[in-house]
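Visitor: Here's a structure for you.
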């Protein structure tokens, strides 16, 4: 089954050109099934690009998924047209009385910003608290992982001296877990962050199950035992050229960034990289939708009981 989005959303034509199955709302209304309601809190500056990336992964599932886009920052965006935000995004006040099967909170370029200095930090705290009662399962990505660990577990912000950027090898620690079902024993995934997620810190201060880790990148995938929250510290949604764009951006800003590890052929930034993480990203999101959302969410969202023993 496809993702279900508004007819006019730019991602519709973009993803159809990639042969991704996207169903516009006008057609979806003719199917007599209840789609999964998934809310995406998009914190990235280039919102249309991020929409395309996450919708691509959510589309590769036998489940019909009804997408609602959420924003929290009311300031004028430099990277996304205001018309697009007004047409396709809702504010928290619009949905705070609703329930959702799933919530995805994206990353944000805030790795060196203290939580107290994040303009919309109070809104992040409010949404994470709200999700406990209104969402079956929440998936946090990259910076959102750091934010959620602080809010839910009191873990302070931990920052690397040098930005982690590139494609890193990962080891599946719990191959029988539902979220890692079908994972290879080792696989590649992108990272782009200053945040640090040491395995030993998570083991000491939380009861989260650490499912995947990396010797270089630390904990990559972990989740609560009741499947209400899951965390991925990398960017399995990234396009093949996303890291290249970030590298060129940082160069232009005079930040003297390191060349992303294991990304450009022969570490030559003039050569086009190749994606080596797509299959993992699709499998991760399919597993989350199936085992953490679909299998435990109630048919009637008015009666939330999102726990699986």
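We number each residue from 1, going along the chain as drawn.
Even glycines carry a Cβ here, placed using N, Cα and C.
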Visitor: Quick check: of 137, 192, 276, 279, which does Swiss-Prot put in the same substrate site as 163, 249?
Guide: 192
Visitor: For residue 163 (substrate binding site), just count the other CB atoms lying within 10 A of its CB, please.
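Guide: Here the count is 20.
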Visitor: Can you list the residues of the same chain, besides 163, 192, 249, whose Cβ falls within 8 Å of the substrate site's Cβ centroid?
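Guide: Residues close to the substrate site, other than 163, 192, 249: 109, 165, 243, 246, 247, 250, 257, 260.
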Visitor: Given a 10 Å Cβ-Cβ cut-off, pick out the one of the recorded positions 235, 249 that has the most other Cβ atoms nearby.
Guide: 235
Visitor: Between all pairs in 163, 192, 249 (listed as substrate binders), what's the biggest Cα distance, rounded to the nearest Å?
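Guide: Largest pairwise Cα separation, rounded: 14 Å.
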Visitor: As a test of the contact definition, list every same-chain residue at least 6 positions from residue 111 (site 'Important for acyl-CoA specificity') whose Cβ is closer than 8 Å to its Cβ.
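Guide: Correct list: 143, 159, 163, 193, 194, 195.
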